[in-house]
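Per TrEMBL, the features are as follows:
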DOMAIN    13-150  domain 'MARVEL'
DOMAIN    155-301  domain 'MARVEL'
TRANSMEM  20-40  transmembrane segment
TRANSMEM  46-65  transmembrane segment
TRANSMEM  85-105  transmembrane segment
TRANSMEM  125-144  transmembrane segment
TRANSMEM  165-182  transmembrane segment
TRANSMEM  194-216  transmembrane segment
TRANSMEM  228-250  transmembrane segment
Amino acid sequence: MDPQGGHYLNKAAVLSPLGAARMLQLLLGCTIIALVAHSAGYNHAYGIYCMFVWCFCFAMTLLVFTMDVTRLPCCMPISWDNLTVAFAMLATLMYVAASVVYPVYFLRSQCSKSNGGCEVRNYRIAVTVCSSFCCFAYAAEVFLTRAKPGHVVGYMATMSGLLKVVQAFVACIIFGALANGSEYNRHIPTHYCVVVYSLCFSITVVVIAVTVSGKASALPLHFPFDRFVIIYTFLATLLYLSAALVWPIFSFDRKYGTPGRPDGCPWENCPWDSKLVVAVFTHVNMVLYFCDLIYSQRIRFVSHSAA
């Protein structure tokens, strides 16, 4: 018992739907790491990425679960609720990516029984299944901690806050495709697109970091932080709209690029594939910023009406 008569340990962190979701995340994460380390294996950049996702998410979930059980977040100078929901959203996206990448590059329909290949395949199937179920476990945490009508929550628990995490994650996919032989340096307009991606990603990360730190009100701004976020979202939507027009023209138009995939282009390292990935996810992020802008306006409208 603490001096105020409360319990040192938080039973609600275990005996609650949120606690059950986090324990399931830990169980599945530990199972995945054990299976991969035992026999499933991983190699190359894609395997290293998947292993990083599983280890990082397991370590962070263990830290979050331990902190909640021991009531230590009250001693930390951060917005704990914003941090946990932002991490849960990020972990959901990372697990989705790993659950797609791992079977694509490591799971084969045929195997050789002579050298134990079928056993390895079965382990990899188990890893894929556990990773897919863990996606739902993290998504359940996002669902349980999201903003609900009539409840006071942190910004990251709102749809706008969750979209910020998705926008940053999609930008990371774009950067990965740019670095994988996209040939973006062949034209000045594609350089402009890279600047757009970098600028929007940087400011989005800053918005998330400031919100999680709980220091938004301490910023030396002449207007509220939420107004700054809305103005930035509007500008980011326009910037992504311009990039969504410029990138395909200078990548797939006959005058500047190749409309179709070249014959003989290697499957894992084809510049045309990278350009296509950038084009697709540029449009995805444009839609995400547009939805973010609409939802932000809705929040302001409701708050002003309530006043």
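In case you wondered, yes, glycine gets a Cβ from its N, Cα and C as well.
Looking at 46-65, 85-105, 125-144, 165-182, 194-216, the range that has the most CB pairs within less than 8 A of the transmembrane segment (228-250) turns out to be 194-216. In terms of DSSP helix, strand and coil, the domain 'MARVEL' (13-150) has 111 helix, 0 strand, 27 coil. Counting residues 6+ beyond its ends, the transmembrane segment (85-105) has Cβ neighbours under 8 Å at 25, 42, 44, 46-47, 49-50, 53-54, 56-57, 60-61, 64, 124, 127-128, 131-132, 134-135, 138-139, 141-142, 145-146, 154, 156-157, 161-162, 165-166, 169, 173, 208, 211-212 in the same chain. Here the domain 'MARVEL' (155-301) is broken down by DSSP into helix, strand and coil counts: 115 helix, 0 strand, 32 coil. Restricting the average to the domain 'MARVEL' (155-301) gives a pLDDT of 86.
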